[in-house]
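Novice: Here it is, the structure in full.
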């Protein structure tokens with residue numbers, strides 16, 4: 001079926017390529033004209049294009065001239081003129097497609113064409129890369145083109161302060177990684193004031209290495225979490241000791257394909273004896289089962305120096321797709337703590353989800369999505385089905401000259417690595433540069449040790465040496481160079497024969513203290529000479545390496561995905577250069593061991609078969625392709641499943657985040673809050689009058705419940721008297737009388753606080769209640785999803801059940817937000833500010849508002865003041881002056897007898913899993929940013945009560961309200 005769908009999707013290739021060829025002809029027609037422009041005239045074209053767009057012209061109408069302008073700017077600033085195939089790629093990106101451009105074809109430069117064109121609208125363009133290094137590098141290099149044309153660039157990096165991020169997002173073109181952009185979106189929807197927002201919308205995005213980001217990394221959602229309550233850390237160390245006492249096969253089973261474990265009866269008995277309990281599966285002991293399973297998984301499924309490394313007493317995850325350390329990210333659901341216990345390092349606390357989104361749904365937020373990669377056609381069906389974007393294969397500028405040799409399979413790993421070392425020694429002696437790809441830090445260091453014994457000088461590029469990545473990659477194509485690398489060298493790196501002139505020029509200018517952002521004029525002036533010097537130094541060596549056969553890529557193990565193998569191969573043979581590639585495999589490799597059918601083992605299983613004799617046959621090649629196909633099919637199902645379930649939460653998230661943004665941006669909530677009050681009161685009345693005759697209604701109980709919502713001033717007797725007698729009381733009459741009283745109570749509350757303070761109090765209360773209820777809802781949805789699979793045993797579709805019950809939970813949450821927000825508005829105690837102090841503290845006309853309000857559970861109820869970067873003037877508010885928290889508390893809120901805990905200063909950021917699974921994800925502890933920790937508010941002496949009555953009376957009303965809700 002997929003092959004048929006692929007054929008259908010490829011039927012339109014000829015048509016789109018014909019259209020792109022026509023666009024190239026139009027761009028070329030303008031080239032001579034723009035080449036005659038002076039630098040100033042070329043810069044003025046940007047203003048001309050913006051004016052034409054303002055007059056109603058479309059982006060498509062100005063595309064040929066805009067592309068020609070960028071092409072000329074790139075020629076003048078970088079010394080590089082985009083080829084026709086790069087213009088085709090840029091046009092494909094602008095049209096909202098994925099451009100498949102082979103390695104070395106200049107994807108980064110091609111992206112400048114649509115980025116410039118779409119930035120002219122003023123709505124911003126995001127360019128997404130796979131890591132911080134590439135984001136910074138591309139921003140610095142391509143930013144020279146944009147700045148030449150009068151546009152601004154930004155770069156989002158981990159560790160930046162909120163004000164830095166806001167400034168970079170405000171630029172015309174912003175570079176960053178998928179995780180950083182996704183987390184900023186989630187953080188914006190956790191902000192407590194409009195001043196904390198950093199992003200400005202999602203207009204157009206270009207995703208570099210799009211298959212890695214939207215396919216490989218899409219199996220696990222982005223999650224922001226905070227410390228959970230309780231201390232379960234003691235059990236992790238205890239169960240790490242238990243796991244060491246258990247034996248594989250006899251005490252437990254391991255399914256490495258599905259990455260699951262199962263404890264057998266003998267193992268259960270050992271655990272019960274060790275813990276001194278009678279039954280591990282009693283309800284009281286049920287939580288211990290999770291600790292046991294995680295301890296066994298940590299022991300069997302997570303390998304040190306492959307899945308993670310231990311540096312400075314900390315467990316750091318290694319990304320299987322890139323080989324890079326995922327700085328500070330952590331596995332969720334207790335998995336990271338189990339690994340920490342296994343390694344004997346400090347165990348950090350567990351976390352609770354605060355915000356989450358999948359990469360699929362994040363990138364669906366953009367008005368237009370485009371991407372580029374060297375390997376996309378194999379996933380064309382998934383790109384079309386999930387993201388509604390097509391894949392366009394762009395022709396190469398020069399014919400491919402790389403020779404891909406057949407795989408060699410050895411009996412065991414020792415024989416394989418001996419042959420690998422022998423091959424490297426031979427190539428190195430001839431002077432041919434060699435790039436060796438490994439699948440883990442452990443294997444790269446093993447091979448490095450063997451090469452040292454042979455006296456072969458080499459560089460190692462893995463997660464432990466990631467800081468030297470740029471310099472290592474820049475030199476990997478030089479004569480005699482030997483580079484041993486994990487997947488880090490597979491994407492986003494351009495290995496040029498003889499050396500990378502651009503990298504050398506950048507390094508030279510950096511040594512001179514020149515920076516493209518800090519000293520742009522000096523940098524531009526020095527660039528031509530630096531580039532010319534670097535180009536001259538590598539030109540002669542380039543020709544020499546070409547004569548030696550180009551770069552030799554040697555893979556030591558097949559990856560789960562064919563695309564990752566192709567990415568490694570693609571480092572060689574760029575722009576028509578010669579090259580060579582070959583994979584060395586063994587029957588002990590993970591892919592062969594887990595998915596091989598056993599045919600190759602029967603050939604090589606004989607004890608007489610030499611360890612150093614390779615097997616080369618079509619049968620093995622087909623077996624490898626079959627194994628990779630199984631893994632890719634499994635991962636595709638995981639991604640589809642993740643998306644189906646997240647689509648349920650995505651619709652709910654869109655509603656909540658839209659409501660939240662309106663509150664943050666200063667919308668007048670008076671009408672909405674009065675609507676809340678009407679809905680809550682009506683629901684209480686309907687619950688009390690839905691059964692029985694009027695004389696049997698318990699009006700006293702209804703009144704007790706209503707007093708927990710607002711200070712009701714009429715009595716049941718007055719309502720009965722108004723009707724004549726109890727039998728003549730109707731639900732409509734009750735609703736009319738009580739709603740009228742509630743409206744008067746709202747007006748009295750507003751008059752007491754003043755309209756300005758009332759509006760700000762409404763904003764803070766609604767925002768805080770919404771946040772807390774949304775967090776609780778995420779927890780409930782997680783809990784629901786964990787057990788929903790069991791519904792299949794009752795012949796019910798788990799997804800349908802999840803959708804149905806998820807909607808019920810969402811509806812209940814919306815009702816709870818209304819009820820709790822109204823209750824807080826009437827019952828919070830507010831200290832009135834002294835007029836003199838108010839005038840002193842608030843000089844910009846902004847109302848002075850209460851400090852952080854809190855609820856009965858101690859949760860913060862309000863955002864902090866708007867963050868203004870140091871040294872900058874305060875930004876004017878859009879609709880009316882923004883409320884500020886006074887330096888000396890002008891108003892405080894009664895926390896109903898409980899202390900207010902500080903808002904967590906350290907959050908966890910969970911991103912795509914390093915092992916590609918969907919049952920857990922990683923998180924990251926980050927610095928405490930400005931505006932993230934809440935203060936403690938205590939009741940002040942002399943505070944006036946907004947809701948009447950003391951704390952004890954309020955508590956009684958709340959208990960009565962809860963009882964009424966249960967009956968409802």
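Just so you know, glycine gets a Cβ as well, placed from its N, Cα and C.
Keep in mind that this is a model prediction, so the values were computed, not measured.
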Novice: Check Swiss-Prot for me: it has 86, 104, 105, 106, 107, 108 binding ATP, so pick out which one of 414, 418, 423, 494 it puts in that same site.
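Specialist: Candidate in the recorded ATP site: 494.
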Novice: For the recorded ATP site formed by 86, 104, 105, 106, 107, 108, 494, name the remaining residues of the chain with Cβ within 8 Å of the site's Cβ center, in chain order.
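Specialist: Not counting the recorded site residues, we get 101, 103, 109, 110.
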Novice: Return the count of C-beta atoms lying within 10 angstroms of the C-beta of residue 494 (ATP binding site), excluding that atom itself.
Specialist: 19
Novice: Going by DSSP, is residue 104 (ATP binding site) part of a helix, a strand, or coil?
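Specialist: In the DSSP reduction, residue 104 (ATP binding site) maps to coil.
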Novice: Under 8 Å Cβ-Cβ from residue 107 (ATP binding site), six or more apart in the same chain: what's there?
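Specialist: Non-local contacts for residue 107 (ATP binding site): 89, 99, 101, 208, 372, 373, 374.
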Novice: Counting only residues 6+ away in sequence within the same chain, which have a CB under 8 Å from the CB of residue 105 (ATP binding site)?
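Specialist: Once residues fewer than 6 apart are set aside, residue 105 (ATP binding site) is near 85, 86, 89, 374, 394, 396, 397, 574, 575.
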Novice: 10 Å Cβ neighbour count around residue 106 (ATP binding site)?
Specialist: 20
Novice: Find, for the listed binding-site residues 86, 108, the residue with the lowest Cβ contact count at a 10 Å cut-off, counting only other Cβ atoms.
Specialist: 108
